[in-house]
Amino acid sequence: MALAEADDGAVVFGEEQEALVLKSWAVMKKDAANLGLRFFLKVFEIAPSAEQMFSFLRDSDVPLEKNPKLKTHAMSVFVMTCEAAAQLRKAGKVTVRETTLKRLGATHLRYGVADGHFEVTGFALLETIKEALPADMWSLEMKKAWAEAYSQLVAAIKREMKPDA
């Protein structure tokens, strides 16, 4: 399954990718809070220094898996990411509100988020999804669909990561 390209060279999120994302999101949605936390714990397992990027974790003695602020943040990020992926084909672009994208861009810029951070997060997202789905549902095509959706969300955030003029 190849990703299609538009006339301007942009990657088009196709019907097959959309179907895979929608089908898998339907399975995961009911457990979004738990999966969001697992997603962030995986990020911190891969890149422990990432914890320091979150002010609410810096001086906390609460174990990560019990931290209420992390739980709330993790679920919010996971749901927004998955919902943006689920809407990608219908909208033809990332559907996160422009004000939200601007805020995300500014926040990621302020905390020094770099390409490597997005890569770790993307890897953790794919691993979380893989573990959340029944084994017979996960496939190379599923992985590619989610990777493309994540890639387009990251591109939208990066476009907003610019210092104030």
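Just so you know, glycine gets a Cβ as well, placed from its N, Cα and C.
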Legend entry - Annotated range (Swiss-Prot: motif 'Homodimerization') out of 45-49, 70-74, 100-104, 140-144: 45-49
Legend entry - For the motif 'Homodimerization' (45-49), residues assigned helix / strand / coil by DSSP: 4 helix, 0 strand, 1 coil
Inset, instruction - Rounded to the nearest Å, what's the C-alpha distance separating Lys69 (heme b binding site) and Lys143 (site 'Homodimerization')? Just drop the number here, would you? - result: 29
Inset, instruction - Round to the nearest Å and give the CA-to-CA distance linking Ser55 (heme b binding site) with Lys143 (site 'Homodimerization'). - result: 32
Inset, instruction - Specify the secondary structure state of Lys143 (site 'Homodimerization') as given by DSSP, simplified to three classes. - result: helix
Legend entry - His73 (heme b binding site) and Lys143 (site 'Homodimerization'), Cα-Cα, nearest whole angstrom: 24
